[in-house]
Amino acid sequence: MEKIVFRKIVFVAFLLSLSCLLEGEARMSGDVTIQRGGSCNNDNTCHDTCPGCRITQCIFRQCVCTRCNTPRSSLRIESHM
């Protein structure tokens, strides 16, 4: 009985450490953008919705775009004088 409890604790600790590792990796990459604007059926659809991204994938019908060169937004300042 004690061995089963110990194995479960070790397994949960392993899953928790794996989760933390993956979260830290995602934070360090910093260039992952998940498109939420619509569903996708294949990777080509994601390529069209993620212009400027080197890698586009359709995962679980959701676009995942990585290594994106986001264009700088052109801000116009209007003065009301």
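Just so you know, glycine gets a Cβ as well, placed from its N, Cα and C.
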Exercise. Going by Swiss-Prot, tell me which one of Cys20, Cys46 is disulfide-bonded to Cys63.
Key: Cys46
Quiz prompt | Residue among Cys40, Cys65, Cys68 that, according to Swiss-Prot, closes a disulfide with Cys50 | solution = Cys65
Practice problem: Choose one of Cys20, Cys58: the cysteine that Swiss-Prot connects to Cys40 by a disulfide bond. | Solution: Cys58
Self-check item: Three-state secondary structure, Cys46 (disulfide bond) (per DSSP)
Solution: helix
Quiz item: What disulfide-bonded residues in the list Cys46, Cys50, Cys65 lie within 10 angstroms of Cys58 (disulfide bond), counting C-alpha atoms?
Solution: Cys46, Cys65
Quiz item: What is the interatomic distance between the Cα atoms of Cys63 (disulfide bond) and Cys50 (disulfide bond), given in whole Å?
Solution: 8
